[in-house]
């Protein structure tokens, strides 16, 4: 009998291969990809989120506190510079992918040569849904635990989700914070219902998959991952007004997510009330309800962050594309990343009609419609350890 391949083994395989890919990991490749501004926008979102809660930790534990951070599901260490710029004292990096952790350690060593006073660090290869109390965490206590774009893997099953929150709870100091970026389940379910309704799948053919997306992303729910409405599923509380359509389980609602130039790996929906329930059961109190990236973006622009405003950081990180005003002339080589996509910048054109200042500006900072649709697929969450 062949061994059953678990989703954890799939995740390891996907991210090990991604970490080994020299082409996709190169800075030049990332600069030229179709979704360069989307990736930078997501990175900006993480930077703002991390900055907010490092500041909150200092307010709670004291300005002179030597902050300890747990970068849970760290990947290749993409947030290392954020920890350096946040002047933390120690970071533990953990990921299920051995190749990713190896790349993370190499990145740390390179950063250490440039910054002699860099935080100290440990590196571990382990599943975040396994018991970490004895072999990894021991008696360590952290002021901040961060899990970026990975918490959804724990929602494959109840035992995995429970163990994940047990790990977070036992290593957080009372008053410490847990922050994460997660799939926006309500938005994903809304789009899935629209796609299902538009496909006109007859009731006698429930085996059909549900697929939707645009030019840069696609999501597919296989037929076994949804059903007709039953009590107590995601749709019951979803503000979509389409509860008579397909329905998804509270846990194990798996879908295949593909994003251009990014690892293609199965993911799971996170039902916000269940997330809060599991977190609360482990002493984690919601600081704020899940906030979509779009809402977080608008809220953050009104917030101060140290010596650099979020808007300035947005520009410095190249998170917005420079869109040329079509009413002015430009060199022929100047091209938008989505210039071949109809109505990709219709929102920017509308802004010209509505805003006198924008109308006379040669350039505007924006992001293509396709990328903005992906932005809205994610939310930020934050909890405090009671």
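Each Cβ is built from the backbone N, Cα and C atoms, and glycine gets one as well.
The secondary structure of residue 43 (mRNA binding site), as reduced to three states from DSSP, is helical. For residue 43 (mRNA binding site), the same-chain residues 6+ apart in sequence whose C-beta sits under 8 angstroms from its C-beta are 78, 317, 319. Look at TrEMBL and you will find 42, 43 tagged as mRNA binding site.
According to TrEMBL, the feature S-adenosyl-L-methionine binding site maps to 46, 73, 95, 127, 148, 153. Around the Cβ of residue 95 (S-adenosyl-L-methionine binding site), the same chain contributes 15, 73, 74, 75, 101, 104, 124, 125, 126, each under 8 angstroms and 6 or more positions distant in sequence.
What TrEMBL lists as domain 'MRNA cap 0 methyltransferase' is 33-386.
For residue 76 (site 'mRNA cap binding'), the number of other Cβ atoms no farther than 10 Å from its own Cβ, over all displayed protein chains, is 22. What TrEMBL lists as site 'mRNA cap binding' is 76 (among others).
Residue 82 (site 'mRNA cap binding') carries a helical DSSP state (H, G or I). All protein chains shown were included, and the count of other CB atoms within 10 Å of the CB of residue 82 (site 'mRNA cap binding') stands at 21. Here TrEMBL flags 82 (among others) as site 'mRNA cap binding'.
Residues or ranges marked as site 'mRNA cap binding' in TrEMBL: 107 (among others). Counting only same-chain residues six or more apart in sequence, the Cβ atoms lying under 8 angstroms from the Cβ of residue 107 (site 'mRNA cap binding') belong to 76, 77, 80.
What TrEMBL lists as site 'mRNA cap binding' is 152 (among others). According to DSSP, residue 152 (site 'mRNA cap binding') sits within a helical segment. Listed in sequence order, 182, 183, 267, 268, 269, 270 are the same-chain residues at least 6 apart in sequence whose CB falls under 8 Å from the CB of residue 152 (site 'mRNA cap binding').
A sphere of 10 angstroms centred on the C-beta of residue 267 (site 'mRNA cap binding') encloses 22 other C-beta atoms. DSSP gives residue 267 (site 'mRNA cap binding') a strand state. Annotated site 'mRNA cap binding' per TrEMBL: 267 (among others), in sequence order.
Residues annotated as site 'mRNA cap binding' in TrEMBL: 378 (among others). Around residue 378 (site 'mRNA cap binding'), the same-chain residues six or more apart in sequence whose CB sits under 8 Å from its CB are 42, 45, 149, 181, 182, 183, 184, 292, 293, listed in sequence order. Residue 378 (site 'mRNA cap binding') falls within a strand segment according to DSSP.
Mean pLDDT for the domain 'MRNA cap 0 methyltransferase' (33-386) in the predicted structure: 88.
Residue 148 (S-adenosyl-L-methionine binding site): 24 other CB atoms within 10 A of its CB, across all protein chains. Residue 148 (S-adenosyl-L-methionine binding site) and residue 82 (site 'mRNA cap binding') have their C-alpha atoms 13 Å apart, to the nearest angstrom. A straight line from the CA of residue 153 (S-adenosyl-L-methionine binding site) to the CA of residue 82 (site 'mRNA cap binding') spans 24 Å. Packing around residue 46 (S-adenosyl-L-methionine binding site) is summarised by its Cβ count: 18 other Cβ atoms lie within 10 angstroms of its Cβ, all protein chains included. Between the C-alpha atoms of residue 82 (site 'mRNA cap binding') and residue 46 (S-adenosyl-L-methionine binding site), the distance comes to 9 Å. Residue 95 (S-adenosyl-L-methionine binding site) carries a strand DSSP state (E or B).
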